[in-house]
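Now, the feature entries from TrEMBL:
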- 183-295: domain 'Acyl-CoA oxidase/dehydrogenase middle' (DOMAIN)
- Thr187, Gly229: FAD binding site (BINDING)
- 333-483: domain 'Acyl-CoA oxidase C-alpha1' (DOMAIN)
- Glu469: active site, proton acceptor (ACT_SITE)
- 526-660: domain 'Acyl-CoA oxidase C-terminal' (DOMAIN)
Amino acid sequence: MDRAFWRARVIKNHLTQDPCTQTRSLSGAPCLDYSPPELAEPAAAFDVAAMRALLDGHNVAERDWLFGLMTQSKLFNPRRVGGRVFVAPDYNQSMEQQREMTMRRIEFLLERGVFEGWLTAGTAEGELRKLALQEVANIYDHSLAIKFGVHFFLWGGAIQFFGTERHHVKWLRDTENYVVKGCFAMTELGHGSNVCNVRGIETVTTYDPRAREFIINTPCESAQKYWIGGAANHATHTVAFSQLNINGINQGVHAFIVQIRDADGNICPNIRIADCGHKIGLNGVDNGRIWFDNVRIPRENLLNSVADISPDGEYLSAIKDPDQRFAAFLAPLTAGRVNIAASAIYSAKIGLAIAIRYALSRRAFSIAPNQPEVLLLDYPSHQQRLLPLLAKTYAMSFSANHLKMIYVKRAPELNKTIHILSSAFKASFTWHNMRTLQECREACGGQGLKTENRIGHLKGEKDVQSTFEGDNNVLMQQISKTLFAEYLVARKRNKPFKGLGLEHMNGPCPVLPQQLPSTVLRSDQFQVDAFHVRERDLLNRFAEEILQRQAQGERKEHALLSSYQLAEDLGRAFSERCVLQNFVEVEENSPAGSLKDMLALLRSMYALTCMEEDASFLRYGYLSTENAAAVRKEVAKLCSELRPHALALVNSFGIPDAFLSPIAFNWVEANSWSSVQH
């Protein structure tokens with residue numbers, strides 16, 4: 001009964017309240033106002049331009065030139081929001097419209113010389129310029145970067161590396177000028193990650209010696225070429241991967257140039273093309289499916305760097321084993337993974353720059369009554385969400401640069417190193433990117449859901465990076481398989497480890513200290529030793545488990561598959577050790593001063609975060625429970641020490657304001673009624 005009286009009194013007070021009194025109480029509350037973080041945050045304690053030069057690694061001026069081209073053209077969809085201009089594709093457009101805009105933007109870049117020398121320069125400097133401009137395009141729109149990436153790196157790369165002079169003369173210049181629009185037909189409906197297996201691809205090609213032509217066929221539905229970027233609308237030619245059957249003998253997988261459309265865009269005879277349809281991202285790329293029905297092509301269209309056919313049909317190759325022949329084919333085509341690893345880090349930079357700037361201007365909750373609300377980034381929990389990811393992004397940037405440098409200066413003896421590093425970094429960096437984007441999206445609250453604020457949409461755009469150019473989990477197992485082969489060579493043949501950074505395996509195993517005070521935890525020697533201990537032990541465990549299984553009668557292949565848990569742990573340990581090693585090298589090569597000091601903080605945050613997050617350190621006893629707790633506490637200390645530098649650290653990314661989003665700046669004005677009317 002008391003509750004009924006209480007409710008009646010509440011209703012009475014509500015109905016009889018003086019409206020003037022109510023209005024006066026409301027008008028007394030102050031409105032929130034935006035304050036740029038630059039006004040409150042301390043000035044940068046280090047040289048931001050020098051830090052950016054370290055992060056980008058190369059071609060900074062060319063990057064800024066392309067940023068400028070994009071911001072000055074209406075083709076890149078400039079929009080004024082909150083008193084600033086932002087450029088980003090209009091994702092409200094239909095799939096067809098997005099594809100058309102992607103092609104128009106490529107034509108714009110072509111006219112302004114962006115692609116000059118991309119296939120014909122033939123120098124390491126030219127390749128670095130190409131990689132830099134690709135990364136800038138990726139910051140603007142993943143579809144744009146993928147669309148011309150397929151054309152230049154996959155189609156053009158196949159002509160460069162699989163072909164010989166006759167192909168270079170005929171195709172490279174026309175490809176660079178977009179007279180020819182190329183795509184890359186490797187994956188099939190029935191075979192994605194395992195197309196590199198000679199028995200995987202089902203497309204079949206035979207040779208007609210009378211006509212001196214190859215005949216390409218799609219023998220079944222699972223053999224249709226699938227997810228072929230550029231095939232659905234624009235490509236005129238493709239490099240088709242197919243089994244080559246000569247006189248009843250399967251010679252394995254080879255690559256052929258096939259015209260699929262004429263110059264007017266009409267599909268060629270005996271070719272069928274269908275659209276892959278709408279996707280969760282990358283809708284500016286026209287992924288398609290291709291069927292070949294007795295398609296005839298000239299003998300000269302075989303890309304013959306590894307094998308050839310004489311006019312009368314004799315098969316010619318110095319490499320007799322089909323698996324080895326195909327491996328030699330693919331060795332130079334690591335550019336895709338190199339690109340993906342680097343572009344994943346730039347996406348993480350976008351997310352972090354937006355989320356951290358927002359956290360430096362958005363307030364929430366008061367710690368005490370009548371006190372101002374607290375900046376999001378002043379909450380230790382918010383620091384813990386973003387700042388370790390920031391340090392990891394720095395660390396991975398340096399390793400992406402290292403990978404690019406050895407890629408552009410590649411030689412045959414580096415092929416294995418490039419293949420393994422690009423596989424490790426592609427998997428690790430794309431996983432890191434997706435985790436970072438998710439955390440940044442959540443850290444921005446409801447504003448993170450808006451497409452115009454980029455982070456949420458980037459998740460859909462970048463999700464595919466975990467799958468294409470090799471499924472990440474498969475790549476991690478592939479890395480461990482290679483490390484096992486290195487182990488066998490070293491142990492069974494009594495040879496020292498050489499290459500892949502495994503030389504640390506040749507000396508005695510480091511002994512980690514029993515006590516881990518802050519000075520030890522932040523020592524690069526301790527961090528490197530800890531990573532070496534983990535990698536050494538996991539490789540030994542992995543090898544012993546496989547050898548034990550083999551001794552019990554298991555086939556080597558089955559033993560490798562059964563040991564997948566250790567394989568994944570080892571792949572992670574290898575990748576993180578490589579990243580730390582590259583970070584230490586960058587730090588060592590930097591002159592003493594504030595920038596070097598900041599690198600040391602970031603390096604410690606990276607190393608200790610990896611140690612905190614990987615259960616291997618506790619599972620296998622590399623750290624005691626007490627020392628694991630010490631690592632965790634040190635990460636929290638590092639967060640508080642990095643907090644004053646957060647703005648300078650994201651400014652060092654060098655991403656122009658126009659390529660971020662409204663919530664990175666005046667989010668109050670961006671959401672005001674005047675912005676709606678505008």
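Any Cβ shown, glycine's included, is placed from N, Cα and C.
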Composition by DSSP (helix, strand, coil) of residues within the domain 'Acyl-CoA oxidase C-terminal' (526-660): 112 helix, 0 strand, 23 coil
Neighbour tally for Glu469 (active site, proton acceptor), based on other Cβ positions within 10 Å of its Cβ: 23
Between Thr187 (FAD binding site) and Glu469 (active site, proton acceptor): CA-CA distance (Å): 10
Rounded mean pLDDT for the residues that make up the domain 'Acyl-CoA oxidase/dehydrogenase middle' (183-295): 94
Counts of helix, strand and coil residues, the domain 'Acyl-CoA oxidase/dehydrogenase middle' (183-295), according to DSSP: 3 helix, 55 strand, 55 coil
